[in-house]
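What follows is one structure encoded as structure tokens, with my remarks underneath.
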Amino acid sequence: MGKEKITIVGSGNWGSAIARIAGNNVKQNPDMFDEQVKMWVFEEEFEGKKLTEIINEEHENRKYLPGVALGENVVAIPDIGEAVKGATVLIFVMPHQFLVKTLDQMEGKVTKGIRAVSLAKGVEVNGSDIKLFADIISERLEISCAALSGANIANEVARDRFSETTIGVRKKEDGDMWKKLFTTPKFRVSIVDDVAGVSLCGALKNIVAVGSGLADGLEWGNNSKAAIMRIGLMEMKSFCQEFFEGVKEETFLEQSAGVADVITSCLGGRNMKVATAFVKEKRSFEELEKEMLNGQKLQGIHTAKEINTFLKARNRVDAYPLFTNVYRICWEGKPAEELTDGL
Ligand SMILES: NC(=O)c1ccc[n+]([C@@H]2O[C@H](COP(=O)([O-])OP(=O)(O)OC[C@H]3O[C@@H](n4cnc5c(N)ncnc54)[C@H](O)[C@@H]3O)[C@@H](O)[C@H]2O)c1
Ligand SMILES: O=P(O)(O)OC[C@H](O)CO
């Protein structure tokens, strides 16, 4: 069997942090992996220069992960067809709102039967229908797709601060390859057979993190934030068990993708920080995202809206009061002070 050829589809804050890890690890395992890691970049100008040129010449993504060196073997490519040509392993890591459009551009360009993993935290909702990105990727490209999620604030992982992550796989035997690609002494990987649980925890915790930020903006203190984390985790679990089959109980409490990601996101994530500013500064999320995140994207407010659309279509809005209050505060002008009403 030939060596695995890696392509990363996405190059934002997390995409670049994971490119650094994969770039280093392929060099540690030369029998298993080709040395070059390709990274598809949604091309843009940064400080008067193309971002791909900056990455390829300076080996740093100065826009989305400044101050962190990427290996010289990480090659930025603006053309998606060229980036995925010949790849045997795809790592999808982009804001979830762009994933379906990106898949449209990939159709017919990916070798069928290869392996992929989705690091995007989000779900796709169409009325009463909800889909995991790992499933959409599998179906659209006829490949097998795992899901990676955990308490993984990218700027910390990129600086080798100890972190853990969870990979939900469809076939246990794929676990070894994913571990070799992502594990470092400071980034610990657990493999579980729960693609749905890992994917859904990653998506839903972003709503909880927005709730935590709203409470922070109101200066309600730590007890309130802890309560939001606990209630949020319970709503996440109920949602998974009500609408998906086979989600494992252990994923919520024993895996980084579960409780640990709720905690880190509620304490220090972008969703939390921007939601805090939304309450304190009384400005729109759109404006605050642009000003505070420099091109990085919020997921939680969109997931709150998507989950609300789904719950309305299923007539189950009242069963998820935290998710619903977060949605109404972000999108319908409900006062933030009503965050805990009906909990
Ligand atoms: N940043 C983190 O700490 C972190 C950690 C774990 C998981 N995640 C998840 O990983 C996913 C990717 O996050 P990120 O931090 O790498 O992204 P990001 O928030 O840095 O977003 C910026 C990226 O979006 C791209 N982009 C902008 N417009 C686009 C378009 N129209 N089409 C395609 N791409 C476009 C930009 O080129 C850039 O690569 C998200 O779902 C996020 O929740 C993020
Ligand atoms: O910064 P956030 O809120 O997008 O969260 C980042 C990661 O998902 C934390 O694990």
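The backbone N, Cα and C atoms fix where each Cβ goes, glycine too.
Going by TrEMBL, these are the annotated features:
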{"type": "ACT_SITE", "residues": "Lys205", "note": "active site, proton acceptor"}
{"type": "BINDING", "residues": "Gly10, Ser11, Gly12, Asn13, Trp14, Gly15, Phe42, Phe98, Ala154, Arg270, Lys297, Gln299", "note": "NAD(+) binding site"}
{"type": "BINDING", "residues": "Lys121, Arg270, Asn271", "note": "substrate binding site"}
{"type": "DOMAIN", "residues": "5-172", "note": "domain 'Glycerol-3-phosphate dehydrogenase NAD-dependent N-terminal'"}
{"type": "DOMAIN", "residues": "194-340", "note": "domain 'Glycerol-3-phosphate dehydrogenase NAD-dependent C-terminal'"}
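A map of TrEMBL features onto the structure.
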| residue | record | Cβ contacts under 8 Å, 6 or more apart |
| --- | --- | --- |
| Gly10 | NAD(+) binding site | Met39, Trp40, Phe42, Ile91, Phe92, Val93, Met94, Leu119, Ala120 |
| Gly12 | NAD(+) binding site | Tyr64, Val93, Met94, Pro95, Gly295, Gln296, Lys297 |
| Trp14 | NAD(+) binding site | Val93, Leu119, Asn152, Ala154 |
| Lys121 | substrate binding site | His96, Ser149, Gly202, Ala203, Lys205, Asn206, Gln299, Thr303 |
| Arg270 | substrate binding site | Met292, Leu293, Gln296, Leu298 |
| Asn271 | substrate binding site | Asn206, Ala209, Val210, Gly213, Ser265, Leu298, Gln299, Gly300, Ile301 |
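In the structure as shown, the Cβ atom of Lys297 (NAD(+) binding site) sits within 10 Å of 15 other Cβ atoms. Proximity to ligand 2 at the level of Cβ atoms, with a cut-off under 6 angstroms, picks out Arg270, Asn271 from the recorded positions Gly12, Lys205, Arg270, Asn271, Lys297. Checked against ligand 1, the recorded positions Trp14, Lys121, Ala154, Lys205, Arg270 give Trp14, Lys121, Ala154 as the ones with a Cβ under 6 Å from it, listed in sequence order. In this structure, the recorded positions under consideration are Phe42, Ala154, Lys205, and the one with the smallest number of other Cβ atoms within 10 Å of its Cβ is Phe42. Using the Cβ center of Lys121, Arg270, Asn271 for substrate, the list of other same-chain residues with Cβ within 8 Å runs, in sequence order, Asn206, Ala209, Ser265, Gly269, Met272, Leu298, Gln299, Gly300. Taking the domain 'Glycerol-3-phosphate dehydrogenase NAD-dependent C-terminal' (194-340) as a whole, pLDDT averages 98 in the prediction.
Residues Gly10, Ser11, Gly12, Asn13, Trp14, Gly15, Phe42, Phe98, Ala154, Arg270, Lys297, Gln299, recorded as contacting NAD(+), have a largest CA-CA distance of 21 Å.
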